[in-house]
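Asker: Sharing a structure here in structure tokens format.
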Amino acid sequence: MASAAAQTEAALTPPSGIESNFNGPGEALHMWNLITQGLCISLTSIIFLLRMYVRTVYGTMVIYGPAAFLTKASILLILTRVFAPYRKTVRFIYVYFGVLLAYYVPAIIVKIRICMPISHFWMGQASNGSCLDERAIILADAIISVVSDLTILVLPLLLTHSLQMSLKKKIRVIGILGAGGLACASSIVRLVLIVQKGNAKDQTYVFMQINLWGNAEVSIGIICACLPSLAALLNRVSNEYMSRNGSRSYDCELAGTDTLTGSSSKIGSQGSFNDAGSDQEILTSHAQPDLKVETAIRADEPGTKHSHNHGLHSFTGHGIMKTVDVSHTITTKE
């Protein structure tokens, strides 16, 4: 069967020296058409990305506030759990949390309404509107960030000094809780950029630099907030691995001359694990049915220091040790 192109006849006779070609007409015109379409699509894509870029600057400026506040709040709440026995310290942390909340809520509102209308932020002179002093707002935000980051960095370092633990464990706790120093460094660099380049003509480029350092600050803060949980997870995985491949023992210590000890071992797939139970079960398990058990517990006040001559063994677990004296008295029932 002949093709449709072969059956097509020209309506008019072509000029002298030219033959009709219905299979590939206008190759040059078709090529120029493709080139023109490619250039138009490229130019419009660049313009679209530039508009989205400027809007992204506005979005990151607004999102930075709640992201930074929630990150700092999570770190402060971790500190309240770690230093729970120190009530004055916990109250100070909650007050500081309230101060940060009182600042960030209005700051976020001001950033959202920094221009009226909001589109004037990225439209610029192409639209009728007005904006607040962007440099002053960002500068104030950067100063608050540096001060709050320094406070969150120094606070655990000071509190860890009074903990009753070995120097090695203190360094470990300081390393976990004080890793926010990197976030503090990012906020300081951000502040320097605002001071040095806040009045530059190309504000779009400067704002992107500032936002990048702000993103680094928040990202490092999130990582630091996850470090305590990560350390606990690694310890748990390590303990489970050791219990499956070796032996493990644990001690329950009481102040005085008596020490209650429970042990367990598991080698390979054989063995058993004996749980010592609660503190009350441990204490009463050593009493006879005709005996009366009296227990008195006295916890140390925060900051109380102990000498190492009380016959107590050093704490070998993971975490923070709080010394508690337990008086265990057993008398015969009459």
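Glycine too: its Cβ is placed from the backbone N, Cα and C atoms.
Annotations for this protein, taken from TrEMBL, read as follows:
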- 34-54: transmembrane segment (TRANSMEM)
- 47-236: domain 'Rhodopsin' (DOMAIN)
- 60-80: transmembrane segment (TRANSMEM)
- 92-116: transmembrane segment (TRANSMEM)
- 136-159: transmembrane segment (TRANSMEM)
- 171-193: transmembrane segment (TRANSMEM)
- 213-234: transmembrane segment (TRANSMEM)
Asker: So which residues does the transmembrane segment (136-159) touch in its own chain, when a touch means Cβ under 8 Å and the partner is 6 or more beyond its ends?
Answerer: 61, 64-65, 68, 72, 75-76, 79, 82-83, 86, 89, 93, 96, 100, 103, 107, 110-111, 114, 173-174, 177-178, 180-181, 183-184, 187-188, 190-191, 194-195, 198, 210, 217
Asker: Quick one: find which recorded stretch in 60-80, 171-193, 213-234 has the most Cβ pairs under 8 Å with the transmembrane segment (92-116).
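Answerer: If we count Cβ pairs closer than 8 Å to the transmembrane segment (92-116), 60-80 scores highest.
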Asker: Give the nonlocal contacts of the transmembrane segment (60-80) in its own chain as ranges (CB under 8 Å, at least six residues past its ends).
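Answerer: Contacts with the transmembrane segment (60-80): 90, 93-94, 96-97, 100-101, 104, 107-108, 111-112, 114, 138, 141, 145, 148-149, 152, 155-156, 159, 177, 180, 207, 211, 214-215, 217-218, 221-222, 224-225, 228.
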Asker: With Cβ-Cβ distances below 8 Å as the criterion, list the same-chain residues six or more beyond the ends of the transmembrane segment (34-54) that contact it, or say none.
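Answerer: Distal contacts: 121-122, 204, 208.
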Asker: Mean pLDDT for the domain 'Rhodopsin' (47-236), rounded to an integer?
Answerer: 84
